[in-house]
Amino acid sequence: MSWLDKIVPSVGRIQRKDRRASVPDGLWRKCPKCEAVLYLPELEKHHSVCPKCDHHLRLTARKRLDWFLDKEGREEIAPKLEPVDRLKFRDSKKYRDRLVAAQKATGENDALIAMRGSLEGLPVVVVAFEFTFMGGSMGAVVGEKFVRAATVALEEGIPLVCFAASGGARMQEALFSLMQMAKTSAALEKLKQAGVPYISVLTDPVFGGVSASLAMLGDLNVAEPNALIGFAGPRVIEQTVREKLPEGFQRSEFLLEHGTVDMIVHRGEIRSRLGGVLRKLTHQPLIGEETVSEEPDLVQAAQEDVLATMPDEGVEHDAKSDAEQSGERSEPAR
């Protein structure tokens, strides 16, 4: 390099620097499956589904609720609940510090958001896990929010929908987190006894205590395509049993084939599909379904015409009683 290049930067370097500075950050994202570079506004228009390979990228809880629920009449349930470090837990880092970092990164108090709203005009309660908050782990606040949401659904007699995305129970809360498995299961049993529908939607990923409790207890268990679902991870299982697992093991397609989930629904169809199912379960007319005509029912009219031609049993009975009182006896027909 000459002394002139050291003093006066080349025109090319200046142009490249200006070009990089003119492109805002956060406009592009690489698909983890096909590695296509995707324009972020276009990706959000498809609800974080890759338009190239149809891979379902992970979606934040708030964005999922914003897309799933109708725009009007939303009300968040227990938004101010925050976790407490009762055990003063510390591993490589203090639990309190982990909470602060997660809250700062996500803008949420904990790993679950609960809302009351409507789906295509049908009142519902919906909860969604925030996986970026400590892996969507379930602690005392997550369990409490879920139970409060289930209580609202029970009191109002409206369906409950859960979008699960979790690594399991939160180890930093020890038994407090494990207790939420029984707590949430008991709340769902009350819904079942009252006949209130509960639909569980399993997204990528669902593991541990969440999969062993609330995520698998739906009246209908729905999964997104290619979601990883199980109790222990596939690598842990392989290391334990010392065997190679089948291709696609623990993916939603494998689980559907073996009867673990009831159906797989593309993210773009979840609103309409679940809306239709919930209307059937709550005996509401489907959207676009023809209303019952106000004209007299033809079958009922025909039945009335037939009944009009039949003899009145009351009149026949009275005539028979009068004949018996007068001493007359009717001879049987021969």
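Cβ atoms here come from the backbone N, Cα and C positions, even for glycine.
TrEMBL tags one of the stretches 31-53, 100-122, 123-145 as zinc finger, and that stretch is 31-53. DSSP places the residues of the zinc finger (31-53) in helix, strand and coil in these numbers: 6 helix, 4 strand, 13 coil. With a cut-off of 8 Å between Cβ atoms, the residues of this chain six or more beyond the zinc finger (31-53) that come close are 59, 63, 67, 266-268. Taking the centroid of the Cβ atoms of Cys31, Cys34, Cys50, Cys53 as the Zn(2+) site, the other same-chain residues with Cβ within 8 Å of it are Pro32, Lys33, Glu35, Ala36, Leu38, Pro51, Lys52, Asp54, His55. Looking at the domain 'CoA carboxyltransferase N-terminal' (27-296) alone, the prediction's average pLDDT is 95. Cβ neighbour count for Cys53 (Zn(2+) binding site) (all protein chains, 10 Å cutoff from its Cβ): 11. The Cβ of Cys50 (Zn(2+) binding site) lies under 8 Å from the Cβ of Cys31, Lys33, Cys34, Ala36, Leu38, Leu43, His56, Leu57, each on the same chain and at least six residues away in sequence.
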